[in-house]
Amino acid sequence: MLEFFSRLSLVTKIIIAIILGIGVALLFPTVTPYLSLFGELFIKALKSVAPILVFVLVLSSIANFQVGHSANLRPVLLLYVVGMLLAAFSAVIASLSFPSTLYLNTVSHNNLQAPGSLADILKNLLLSFIANPVQAISEANFIGILAWAIGLGLAMRHSSDTTKQVMQDVSHAVSAIIHKVIAFAPVGIFGLVAVTFADAGLATLESYAQLLVVLLGTMLFVALVINPILVGLTIRGNPYPLVFKCLKESGITAFFTRSSAANIPVNLDLAERLGVNPSTASVSIPLGATVNMAGAAVTITVLTLATVHTLGIHVDLATMIILSVVATISACGASGVAGGSLLLIPVACSLFGISSEIAMQVVAVGMIISVLQDSTETALNSSTDVLFTAAVDIRSRQNS
């Protein structure tokens with residue numbers, strides 16, 4: 001039995017865990033307090049590994065980042081950044097229009113408040129930026145962690161190849177630990193679902209359903225409205241034939257592989273059939289698999305604002321704009337890690353003074369809905385890589 005279970009994919013295991021958790025909560029509610037340990041251990045493991053993960057991942061990515069010599073790379077990168085920002089803005093609007101409530105353990109956290117003005121926000125950001133790096137990691141100050149990782153990463157771009165390789169090896173090692181933690185997600189989710197449904201009842205299903213609708217609806221809006229507008233402005237023509245071709249041939253594959261990196265060969269093959277210059281595609285598509293994460297920006301923004309709404313924190317327009325930028329930057333570090341966008345939610349939550357403990361509960365909620373969220377997110381991310389690359393190449397041919 002255990003051997004059969006071990007052969008199942010993580011998605012299948014999570015689905016089974018959710019069904020079992022709901023079943024236990026409805027049939028044996030008195031047992032659920034004993035199952036809470038599984039969820040607590042899972043959240044504790046995520047809390048422990050998240051700070052060092054963000055630090056090492058961002059540092060290594062920047063230290064080893066090399067820009068190619070393709071003349072078309074800059075406009076592709078511009079589309080990547082603009083696309084992610086607009087995706088984050090769309091997520092803000094969707095979250096405000098359809099606010100979601102999460103079931104969180106918020107004991108002693110009911111007095112949280114967002115900064116009152118833009119000056120307060122910038123002051124808090126600056127104070128977080130210049131935090132002691134060791135203290136930032138130990139206290140899970142993700143803004144400080146991000147600042148030190150970016151600074152050290154930029155400095156290490158001029159270091160020897162051996163040093164860069166060491167950083168890359170450390171990054172791979174931390175990622176391996178994350179994979180081990182994620183492997184225990186079904187057990188943790190089983191405990192979390194059982195306790196949540198025993199405490200809140202079937203109303204929890206409605207909450208998760210609304211959250212999923214907001215997430216998936218925003219991603220569809222980005223794929224079918226935002227991206228076509230950007231592509232249409234780029235190629236000065238009807239974008240939808242290209243958009244639908246990329247969604248069909250790249251998005252569907254990415255939906256089931258749930259990995260932008262694994263979908264790179266599919267995108268390169270599609271780019272070749274679309275007649276894209278190989279010197280452009282060979283750089284921009286692998287680069288896009290690393291940094292172009294519009295779906296991740298949506299996930300980070302929606303779940304962060306759902307947390308803010310749950311805690312009753314008031315936010316103004318300036319804070320939301322900063323959140324969109326933070327979500328975009330965080331999304332760039334989401335590649336290559338199972339559940340990467342979910343594990344970077346604490347970075348955005350820290351903007352509102354939300355503790356790491358609550359942020360990790362939100363990550364756990366994200367794990368529960370990740371069966372659909374992660375697949376759709378990857379489909380959007382990966383199809384956008386080849387879409388924007390092809391659009392810039394078409395524009396280049398028009399100008400030549």
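Cβ from N, Cα, C; glycine included.
Residues or ranges marked as transmembrane segment in Swiss-Prot (evidence: sequence analysis): 14-34 (among others).
Annotated transmembrane segment per Swiss-Prot: 48-68 (among others), in sequence order, evidence recorded as sequence analysis.
The transmembrane segment annotation in Swiss-Prot covers 76-96 (among others).
Residues 47, 50-52, 54-63, 65, 125, 128-130, 163-164, 167, 329-330, 346-347, 350-351, 356 of the same chain sit 6 or more residues outside the transmembrane segment (136-156) yet have a Cβ under 8 Å from a Cβ within it. According to Swiss-Prot, the feature transmembrane segment maps to 136-156 (among others).
Residues or ranges marked as transmembrane segment by Swiss-Prot: 177-197 (among others).
Sequence-distant contacts of the transmembrane segment (211-231) (same chain, six or more residues past either end, CB-CB distance under 8 Å): 79, 82-83, 86-87, 90-91, 94-95, 98, 100, 102, 239-240, 242-243, 247, 251, 294-295, 298-299, 302-303, 306, 365, 369, 372-373, 376-377, 380, 383-384, 387-388, 391. Summarising the annotation, Swiss-Prot assigns transmembrane segment to 211-231 (among others).
The transmembrane segment annotation in Swiss-Prot covers 285-305 (among others) and is backed by sequence analysis.
Residues or ranges marked as transmembrane segment by Swiss-Prot on the basis of sequence analysis: 311-331 (among others).
The transmembrane segment annotation in Swiss-Prot covers 349-371 (among others).
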Checklist entry - So which residues does the transmembrane segment (14-34) touch in its own chain, when a touch means Cβ under 8 Å and the partner is 6 or more beyond its ends? => result 8, 185-187, 189-199, 367-368, 370-371
Checklist outcome for this item: Under 8 Å Cβ-Cβ from the transmembrane segment (177-197), and at least six residues away from its ends along the same chain, one finds 10, 13-14, 16-18, 20-22, 24-26, 31-33, 35-43, 45-46, 49, 53, 103, 204, 337-339, 343, 364, 367-368
